[in-house]
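Here the structure is laid out as structure tokens; the discussion comes afterwards.
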């Protein structure tokens, strides 16, 4: 997919396979960087300044360059986001098409009638297996990607999601499971679309996709999810089949997801409010990207719109966004 679809699209959009500037070779600073610290404090900077006869600002700039030079290129991040956008969009429409004719889509009480003796159709089986495989891939790639500030939140999210998919499949709770999966996929492809527009430097399109993503995310995760999904798993299931032994674990995982939804919704609203009030936003609170020079810092901070269009900007709020610059997921 990267080689034959995503990369040609990126090249056609003018995205080059060029990374950040490389730091000037320096054996002393390289030894400090690899063996001691990647972000020296003021005392160490003063010592290095005297040892090398360099200005402190120059040494700080060297460390910024050095930290940035191992970051993935914009082309790499574009290809990754395009793959995720394609998957999320495809699986969402597959789920909608499948659920449109399912009785439990229109009446959630159907999820519990005749439970657990409910047939597992081939379409439902493949829907589940595809989603499970994809979330396992996200779990593995999180350890090979650049570590970000929301690493723990995303790790908990992936664990809860994989646990829910596996647990609901083993206990034949696949009907309500399909509702949870489809609901989560409804906003994810919009986030990836915003990333793609950001990498291609279509700022207005990026802002529009993000605002749409924020609306859909909040409506689905803070509105439909608790009042539709949690209502049927907590109350309708209790009423129709009683408090079965796995009820507590199943609903515990679902409530954990809801807590994460609240955290992400807060970050999204804060980002949008900054954009509306100031006409620009500060650096992403969870970004792993650093400007490689003082001049780049000034350029980044003066950029208008919801997202910076810097070639180093991107986001994996995995998903979800927390601020002005994006860090590739």
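Numbers here mean position along the shown chain, with the first residue as 1.
Using the three backbone atoms N, Cα and C, a Cβ is placed for every residue, glycine included.
The feature domain 'Homeobox' is assigned by TrEMBL to 29-73.
Taken from TrEMBL, the feature domain 'TLC' covers 76-277.
What TrEMBL lists as region 'Disordered' is 285-329.
TrEMBL lists 85-105 (among others) with the feature transmembrane segment.
Annotated transmembrane segment per TrEMBL: 125-144 (among others), in sequence order.
If you look up TrEMBL, you'll see 151-170 (among others) marked as transmembrane segment.
Listed by sequence, the residues of this chain that lie at least six past the ends of the transmembrane segment (209-228) yet keep a Cβ under 8 A from its Cβ atoms are 108, 179-180, 183-184, 186-187, 190-191, 193-194, 197, 257-258, 261-262, 264-265, 268-269, 271-272, 306-307, 320-321. Feature annotation from TrEMBL assigns transmembrane segment to 209-228 (among others).
Residues or ranges marked as transmembrane segment in TrEMBL: 248-269 (among others).
Listed by sequence, the residues of this chain that lie at least six past the ends of the transmembrane segment (125-144) yet keep a Cβ under 8 A from its Cβ atoms are 87, 91, 94-95, 98, 151, 154-155, 158-159, 161-162, 165-166, 169, 174, 177-178, 181, 318.
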